[in-house]
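Record features (Swiss-Prot):
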DOMAIN    9-98  domain '2Fe-2S ferredoxin-type'
BINDING   50, 55, 58, 80  [2Fe-2S] cluster binding site
DOMAIN    240-427  domain 'FAD-binding PCMH-type'
């Protein structure tokens, strides 16, 4: 094979002040930074929560150095998505690098403790790193210097600093207070209960707060790594490769096509990456042994300002794109020219979370929207702004509008998305016209960190009809997405109908009727009526201020610069709260005191089950779940894949020791649930077997390769709803000793009631427990047929009982240890037992 690039045999970076050098042959390219930190270093601060960039438990700070400008850039990222090979010559800081029991705790960690901002503590290290990143970047800004001991961070920035971090315990208020305490203009009296001063003090003393050094007080990029970068001949090398796998870093488009056309990937799976954040949305279905990292191609990160707009490289991060759009909005003198960029930036700041936006590329988001039915906000709002894309197809460069691109069939590696061009529309808007542009989104969390139920973007030119004084729309772009469609679309019929018409109530109603014909969710879309109604509401919100007869009686809206620069009512307000305090009758009972070991939780040194160092030759397991309700399991096979080769064995009901039982859990009512669905899977999601592999990622991926064959011969139809259970007379029998006792006479009480509900129906759906720490257990066999199980459990005695029954050993031969749990809320009582066993 022709040599394409010179290989580099190592990955060099700094971790909490220490130089790390990893031989490429020792670490596979699919290894994430989180996996490396937790399995190859003593640091356990970053936690594995959701594993998809949605919870923030794994957040760390990355610093990059540019030797050409001698500048250091710091930003926080999800270490669960960041691939280890992508941080070559970077500096990494985890919460242990901020402070610890040996070197002393950082003021962030101390204030998290003092403001009672931690309960289970599993999310706390990630919270600390998000706050630290915000402080570092705020202190580097050109804002006036704050008083000693404070940061340049504003209150709104403080609230947004951990907008992507989840906490199930605290309700966020104490975390917000801890972060706000760094802000120089904060009213200390408004901060919540803390140990630094008594609630009600009229003049709290800020010097009692743990001292803070401007800039965070931590060196984010060491001099030794700067020197190594400057002197290293590897800095511009194009690949990192080992004997089995490869990580390729082309430094030009030409090098990229040399790699693609080299035949190197003809018999292996290859993945093209920039930030690898797509795996948080669409999970990899198999392992990859070769990666092409295109983030280092300069052309893909170039920013080109043109007469009619701006061209942004496809590998530019979403965070960087927001900065650029805001800068362009400020530089553009015309209100018509600034509105598009400003509104786009505002909307993009609500996409994903800050640490996802820091690494996710704008081009990658559009590629996802093209390849999958991804509910992309960015694709929709760029479609509304009439953006175009530039593609490289082998030796040809193509320019197509975004709508055409989204409708194309999936691309192969021979096609490269180069850039996105966004027009500012200033020069296209006549003097007598005013440009209007608005974007909308409806989501479970409308201000970010959740995909949309519906999103839209509307652009148009508004002019006045001289005879009537009414508004007329032209050059309309009405884009809708995420409502249950493969990709974002333009409502062409509505655009054509509205163009040139004088806006009135009847015109708006007809436009809504046409929109309902256009917005048709595909079959299987959840809540289709809701999505359509939201889309209609967005269009109405856009048109109604422009239309007489829809706005309040007696008011008219003239076209002016005010129309262009209206405040976005969807912008995030500063949060508010209300505290109810008890009196001092029983003091000191109820006085705020510091919770035990919060600093240790904040520094990442508190040990949860998955933080326990794995014993030598430790194996890992992942469940194979039933995908069918009430079906006979005939066989379990595995697809031929890279992941399937990692399987050591599969444990099932036949592997239960002699004398043991197929028992997975037991209930207070006396019923038992089997550990494995054998020979019948009683419900979808029941465990059928456990894949065993050398690492947890191997086991997780291998379990996805399982192909289960079912048959329903001789079985009745499954009962899937409460209504079906009632109809089938299938009731859960509560033992008499467990049944609730009747208090009073129900019949007499109803007869004497002043108000009666004669008939009503109430439905309660299921709800996630949403504990941050996932179900985890570590089992270590010991002498004399005993077993020690470290478990994140809320009922260790029950776990001990069920494990002994399953293994067929005496109760006292099982030792279950629970040091702490990263949340539970009832979800780690019975449902955790399968994992323990």
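A Cβ is built for glycine as well, from the same backbone N, Cα and C atoms used for every other residue.
Keep in mind it's a predicted model, so treat the numbers as computed, not measured.
For the [2Fe-2S] cluster site, the Cβ centre of 50, 55, 58, 80 serves as reference, and the other residues of the chain with Cβ at most 8 Å from it are 34, 47, 48, 49, 51, 52, 53, 54, 56, 57, 78, 126. Within its own chain, residue 58 ([2Fe-2S] cluster binding site) has 34, 46, 47, 48, 49, 78, 79, 80, 126 as residues 6 or more apart in sequence whose C-beta sits under 8 angstroms from its own. Least packed by the Cβ count within 10 Å, out of the binding-site residues 50, 55, is 50.
Each residue of the domain '2Fe-2S ferredoxin-type' (9-98) gets a DSSP state, and the totals for helix, strand and coil are 19 helix, 33 strand, 38 coil.
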